[in-house]
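If you check TrEMBL, you get these features:
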DOMAIN    1-105  domain 'Thioredoxin'
ACT_SITE  31  active site, nucleophile
DISULFID  31-34  disulfide bond
SITE      32  site 'Contributes to redox potential value'
SITE      33  site 'Contributes to redox potential value'
ACT_SITE  34  active site, nucleophile
């Protein structure tokens, strides 16, 4: 399953009401570390396909959702399960760590 683009308008349906765990990468185009995290998220999306939904949310274009989840630094990765935040990580995360966290849900 390819990564999904999350927005303020689709966040509830795509993330909070999802049947699978969801990993959301909060990023911005101008953010250097986010450019490192991006390709890692793409690999995670492919490797965890069918077990979790993986996607990105641009904090510049979707400020309401970023504020709601108190995203102060980027990249921030939040994992949701059953509509609830279960894990929050700030800074670049490696593929194995992300897959491990998703696999345990």
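A Cβ is built for glycine as well, from the same backbone N, Cα and C atoms used for every other residue.
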| For the recorded positions 31, 34, which one has the sparsest Cβ surroundings, going by other Cβ atoms within 10 Å? | 31
| message | What's the number of neighbouring CB atoms sitting within 10 A of the CB on residue 33 (site 'Contributes to redox potential value')? | response | 13
| query | Counting every protein chain present, what is the number of Cβ atoms, excluding its own, within 10 Å of the Cβ of residue 32 (site 'Contributes to redox potential value')? | reply | 8
| query | Under a three-state reduction of DSSP output, how is residue 32 (site 'Contributes to redox potential value') classified: helix, strand, or coil? | reply | helix
| Going by DSSP, how much of the domain 'Thioredoxin' (1-105) is helix, how much is strand and how much is coil, in residues? | 37 helix, 28 strand, 40 coil
